[in-house]
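Structure, as structure tokens:
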Amino acid sequence: MQQSAQLITENKEFNEDFPRFLKDVGLDNVGFDYHVVAVLGSQSTGKSTLLNKLFGTQFSTMDTVRRQQTTKGIWVSRGKDSSILIMDVEGTDGRERGDDQDFERKSALFSIATSEVIIVNMWENQIGLYQGSNMTLLKTVFEVNLQLFHENIERSRLQFVIRDFLGSTSLDNLSETLMTDLNRTWASISKPEGLENSVITDFFDVDFSALPHKVLCAEAFDEETDKLREQFLDEKNPKYLFKPCYHKRIPADGFPLYTQGIWQLIQNNRDLDLPTQQQLLAQYRCDEFIAEAMVSFDEQCEELLTFLKTHQSIENLLQRLEAIQTSTFSIFDENARRYQSEVYTKKRQELDRMMKTRLAVPIQRYLAAIHKELVAGFPERIATLVKDACFKDVARVTVSEMVSVMHSEAAALQKEGFVCDAEQTVETLRVELLQLVRSMREERLAQISAKLMVQFEQEFADAIDVSFHHLTKDIWDNIMHKFDELREKVLDEMLRSLNEYIDDEMDEDAELLRTKHMFKLKRSTWLVLRRTLENETAEPILQQRLRTHFEDSFRYDSRGIPKMWKKSDILENDFNKSLQDTLQLIDVLAIVRLKDGSVPTVDVPLAEEGEDTASNLEADTFFTFLNRKKKANIHVSVKRAADLVFLDCKRSIISTATRVPGYFWALLAVLGWNEFVSVLKNPVLLTLLLIVVSFLFILVQTGLAGPVKAFAERSVRNAVNSMGEKLAEKLDDYRSTSPASETTSGRVISAENSSVDEKVSTTP
């Protein structure tokens, strides 16, 4: 079966075998159940490739090596698994035809007159170009189409397919540009009577699609092509292209005769003839003069780039640009004004557009250099001015000044037509400066926050240290009171800084920024609380603090004076009381709980987004520092340390009671009476006695008698122990040097050793 056929030859002849082709592909007897699609566009833009991809046809495609014309005339084929007749039209602007645009216009007019949907295939970089986007061709086609068929014209769809779409410019913006060009083209054509006020949408529905690069973005190209295919094939698709109003209402078996009649009408119409020889000559010569003028223009552009590196003022730049344009126009006008005025005027406008387009590059570099210079100097200027003023005020004024500088430059260039959108240039600078302001602000606020947290952590750690050195049952009330006090101080300071750095006029989300920074600081204070208390309640540290607390409460009275016990029952009572108080503190320190039994309330979420909700930052475990195992370990450790202290004190009482029996004092009074009387009679000894008595009296009155007594007892005990050890050494030496004596006097030595050992053992 024949896959495709040539409907119109390259010599503008209609194929008489077209009816046989329709029969071969099975479209001759489908009645109205068929559709016609044609594709227009420049040569070598991939029209045939697109049709093959969309409809499964097998049109010949371009030789990518030699880049020769493949489609000559108009070829037709039936879409795979569909009743769609596809027309592949020879590309426009091909080198094979050169300036012969007659076939281009006639084939385009034929396509519009016979097809329901006309695919206009173009590259993205052709948009905005008058010739490249086929606006000249469409203008002629629209005009003649109205003249020939306005009495019985049918609606059609123009489906623009933008190829090699990059996405840097949105499809909406490209569509808007094309639609503007179409409306301008339609407005410029001469219309038949009664259609003077018509618009293009009265006769055409216009839509736009975009396809990525077929080679560089193959997967994306296939995906978007599949979507576009569904618009042709799926009647349930919201973007289905073949609306009933587009159909020409010609049965399939009569379509060959209908198309042949359309082609003959177009062939015989003089309105589609080639331009006159005078116009051709004018166009040809004016193009030569444009090329000549552009040589001089390009040389001056190179000089302009060097000129711009010196950062000249905008006035000097405008003068230079005007001189370049004047010089270029003078070269063109010198010869071109002698030719047809209409062609001369159009070509002069074309030259002006070309110059504006090429000058856009150095001008953009000039504006980019100003932009870069302003942005580079912005942080330094802010840092200089902020020393004497508020950050937000300095930032607002500096942004306004720099934006004003850019606006004056861009507006002056826009006024002369060198810049299309000065506001966009200014807005780009404004956005970047505001981003710099935000970046500098965040950096400074982070420094302030870090500094405040260091200060807070240090002061809170000092307060915690003091509280844990003097453990009480209301320790948590004291700590939380100090925490709230220091925290309020830090938050107030941070809020003041936020008000200095965040500008309600420049920042739409000013309140949100304040809330975010305050939230982070509040959370940090709670984490410092947790971290500091974890350090203080670590098992070894807490054990030592509780031992110290026990000894302080057990060994010293309320005035801080060391206690001396004479009776065991008093010692035991003091021990039990101090031990119970100390052990009760373990439960107190295990969890932060205030006097009223409540746990402090955390005013911010402690777990960051994404953290496990069962982490130790949750409220139910945040204030718990000792579990059962830790409490048991600390309890045992403190109890053992307390027992050792108790035994030491108990031993001291027993030792004192054992060393000084009651009869000793009576014996001392009887035997020492004479000595006592002699002391009273001797002035020197009496004076010495009075001094000693006075010293003892002072010790008793100041409460130092107990410590002095304990010191003396320890000294005597140590001296006795030392003497016993020395005596034992002497006895050992004596045994080693006198064995006979040891034998004969064994019992005596044994008795002596026994008495010494007994004497040493009674000294605790």
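Each position is counted from 1, following the chain as shown.
Note: Cβ is positioned from N, Cα and C throughout, glycine not excepted.
According to Swiss-Prot, the protein carries these features:
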BINDING   G41, S42, Q43, S44, T45, G46, K47, S48  GTP binding site
COILED    302-322  coiled coil
COILED    421-443  coiled coil
COMPBIAS  736-754  compositional bias 'Polar residues'
DOMAIN    31-246  domain 'GB1/RHD3-type G'
REGION    731-764  region 'Disordered'
TOPO_DOM  1-659  topological domain 'Cytoplasmic'
TOPO_DOM  705-764  topological domain 'Cytoplasmic'
TRANSMEM  660-680  transmembrane segment
TRANSMEM  684-704  transmembrane segment
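Sequence-distant contacts of the transmembrane segment (684-704) (same chain, six or more residues past either end, CB-CB distance under 8 Å): 559, 561, 678. Beyond its flanks by at least six residues, the coiled coil (421-443) meets 367, 371, 374-375, 378-379, 382, 391, 395, 398-399, 402-403, 406-407, 410-411, 413-414, 501-502, 506-507 of its own chain at Cβ-Cβ distances under 8 Å. Taking the Cβ of K47 (GTP binding site) as centre and 10 Å as the limit, one finds 29 other Cβ atoms among all the protein chains shown. Restricting the average to the domain 'GB1/RHD3-type G' (31-246) gives a pLDDT of 83. Sequence-distant contacts of T45 (GTP binding site), defined by Cβ-Cβ distance under 8 angstroms and a gap of at least six in the same chain, are G91, N121, M122, W123, R163. Within 10 Å of the Cβ of G46 (GTP binding site) there are 22 other Cβ atoms, across all protein chains. When the binding-site residues S44, S48 are compared by the number of other CB atoms within 10 angstroms of each CB, S44 has the fewest.
Using a 10 Å Cβ-Cβ cutoff, G41 (GTP binding site) registers 26 neighbours.
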